[in-house]
């Protein structure tokens, strides 16, 4: 009948609407669950990247803190070894070993596993730090030719360790996640800031105490040893367990040293030519900086009201400015991307040379402190801009490792050139302006 058919139609419509409603609820539930899963995944990625950034920063600190400690406590070594010119002698020992090691790695670096290389470097830092403490405790700070020879051997070991770690880390991080180069480079600046601040604290604490220099030096060495032990634990245990590191090493077949592609890897000459602006920039940055810092600040700034604190304040201002400026690039609009702009900025830094000369000769200590801070800011900021600059093409693992060695070799070459050029300030001057 008609009423029966209308009843069937109403019942069918009602069931259909309920089915659509259930399907809609089900789809909304699935979408909500997917949203929560994606949110958890994003949060996990953020936490993993933060952990990786923190560990890379600590590894950067450990890469320089041992050698910075020797430089910072050089006043103590002048007291213990007055006849051996420790600062100049140890630098002359350190530089050939760091340059020689990185030069060898540039040519054979593609045949060495980065994991083993970095871990070996940090172990050398630990062994050297233990030797420095042991020698000083056994000899009771009395000096002599044998302790100084051991100190020289440790300095050479630090040079080898520096070259082993830095190039491998930059090459590895450029493949794992290029964003991690920034915290590692920042750690290099933080190492200088830590040693400078500690030097001011130890000078203030032990200045009037008997044997104050030795107590401050031993405190420095103990802190340096602790940091290096932490780096060994991070590099050997914690860093390999990070998801992004495990993913990278699984993808690269447990960090192979030979490329898997059929196309042969680029030679060192080709890599250097493709990244010529970065190589030149790093060399000029550090040649200019080391021609002024720290030699000029210690010997050519005259005497001021701060007396013996004045060079320490200048060095601390430089190191703090250098460390903080390495984080500027985290704000993307403030990061230089163009290679030409970076090179132009690096060349503009040459104006620091006449600026420091005029300031040392005619201005007071306030202007010198400001100028030194700007030198540190430009050094740290431009270093990170160059190291994190997007390459012109994508490199495989072996090419990235080779490029890391080349960039570090350029940086170390600039440091050596700057140390040599710093002697030119003494021409025609009686120690200070």
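Here the Cβ of each residue, glycine as well, is placed from N, Cα and C on the backbone.
Here is what TrEMBL says about this protein:
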type	residues	note
TRANSMEM	20-38	transmembrane segment
TRANSMEM	50-70	transmembrane segment
TRANSMEM	90-109	transmembrane segment
TRANSMEM	121-139	transmembrane segment
TRANSMEM	145-165	transmembrane segment
TRANSMEM	177-198	transmembrane segment
TRANSMEM	218-239	transmembrane segment
TRANSMEM	279-297	transmembrane segment
TRANSMEM	309-329	transmembrane segment
TRANSMEM	341-360	transmembrane segment
TRANSMEM	366-388	transmembrane segment
TRANSMEM	400-426	transmembrane segment
Six or more residues out from either end of the transmembrane segment (50-70), which same-chain residues have a Cβ under 8 Å from its Cβ atoms?
77, 90, 94, 121-122, 125, 128-129, 132, 155, 158-159, 161-162, 165-166, 169, 173, 177, 179-180, 182-188, 190-192, 194-195, 220-221, 223-224, 227-228, 230-231, 234-235, 238-239, 242, 244-245
Interface check, the transmembrane segment (341-360) with the transmembrane segment (145-165), three or more C-beta pairs under 8 A:
no
Can you name the far-off residues of the same chain, 6+ from the ends of the transmembrane segment (90-109), with a Cβ under 8 Å from a Cβ of it?
67, 70, 74, 77, 151-152, 155-160, 162-164, 166-168, 171, 268, 401-402, 405-406, 408-409, 412-413, 415-416, 419
What else in the chain is close to the transmembrane segment (279-297), if you only count residues 6 or more beyond its ends and a Cβ gap under 8 Å?
71, 272, 311, 314-315, 318, 339, 342-343, 346-347, 349-350, 352-353, 356, 360, 372, 375, 379, 382-383, 386-387, 406-407, 410-415, 417-419, 421-425
Residues sitting near the transmembrane segment (177-198): Cβ under 8 Å, six or more positions beyond its termini, same chain?
49, 52-54, 56-65, 68-69, 71-72, 169-170, 219-220, 223, 244, 312, 315-316, 318-320, 322-327, 329-330, 380, 383-384, 387-388, 390
Counting only residues 6 or more past its boundaries, what in the same chain has a CB within less than 8 Å of a CB in the transmembrane segment (218-239)?
52, 55, 58-59, 61-63, 65-66, 69, 72-73, 118-119, 122-123, 125-126, 129-130, 132-133, 136-137, 195, 198-199, 202, 245
